[in-house]
Amino acid sequence: MTAPTPPTAELHLHIEGTIEAELLVRLADRHGLPLPSRDPAVLRERYEHFTDLQSFLDVHYANLAVLRTEEDFHELATGYLDHARRTGIRRAEVFFDPQTHVNHGVPIEAVIRGLSSAFEAAEETHGVSAAMILCFLRDLGPEAAEELLRAALPFREHFIGVGLDSTEVGYPPSLFTEVYAMAAAEGLHRVAHAGEEGGPDYVVEALDLLHVERVDHGIRALEDPALVARLREERIPLTVCPLSNVFLRAVDAIADHPLPLMLDEGLVVTVNSDDPAYFGGYVDANYTALGLDRDRLALLARNSFDACFVPEADRARWRAEVDAWV
Ligand code: ADE
Ligand code: ZN
């Protein structure tokens, strides 16, 4: 019998969102920093009570003060790769948020070197192909995003693209048109969170103004039939995160999640974990929670490989693994 969930790519994962409560406590002890509790169970209990994206981000950003050194970032990435290996991930394209850490006084070089030293060795150490996507925190605004991109360009070989995350409503994609053009001129891939809490107009702006190649979340695109038709025709992948949507109350319950409907609409949907330390599990838990049959799980997994920023030969090799899994 093969594994209960298919081999897959993970295309929507914030590395900072993999900080398990045990690591949080270990790093806080290492650096002599305060936490609301030293008990991982008590820390985790707080995660059950998010009411929306912002209520999560407030807890999340406060926790990240424990990440101080290159070694801390390396340990964080290695912890994720241990999970990735166990959960059938063949390829991970991982978001990181340098602005959070730079604002805590950590040099950008420590962030990038700590993470990239783990991810660039991941094929050998964990049998996982991994790459990094530099994200702009949209609530810090477009000038800060441009400053970040300029600061990161000396490390250009360590990331493959740019993304846009953090507080969505009130910070539409249009604000970031110029920094995305700068990124495109550097040959970087482009993705953006849109349609998680923001409306379908955010998705349209991400496509038209930022020229994104994938949309992160995108569930509210369903509210606009013309947009759904466009996403289907242009085969724009949507990196959907079912458990995240339940924990952050974008949907009421997993049984109400629109992902099956999105598949019915012929959209290129993928399954991802977003911030697995907070939202009840890793990518395998997200696949399982949906309660879909193996054919549909395989379709989702094939979609995930089709949506990777890798040569076609790699996609074909991984798709064949999915065919063997069914
Ligand atoms: N940063 C971490 N997780 C996020 C999410 N789900 N949406 C926006 N920004 C995030
Ligand atoms: Zn996200």
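Each residue, glycine too, has its Cβ placed from N, Cα and C.
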Exercise. In TrEMBL, His12, His14, His193 are given as binding Zn(2+), so which of Asp264, Asp274, Asp284, Asp293 is in that site too?
Worked result: Asp274
Problem set entry | Candidates Asp274, Asp275: member of the binding-site residues with the richest Cβ shell (10 Å) | Asp274
Exercise. Taking His12, His14 as the binding-site residues to compare, which has the smallest set of other Cβ atoms within 10 Å?
Worked result: His14
Exercise. Which of these recorded positions (His12, His14, His193, His217, Asp274, Asp275) have a C-beta closer than 6 Å to some atom of ligand 1?
Worked result: His14, His193, Asp274, Asp275
For this session: Pop the Cα-Cα gap between His217 (site 'Important for catalytic activity') and His12 (Zn(2+) binding site) into the table, whole Å please.
Result: 8
Exercise. Could you tell me the C-alpha distance between Asp275 (substrate binding site) and His217 (site 'Important for catalytic activity') in angstrom, no decimals?
Worked result: 13
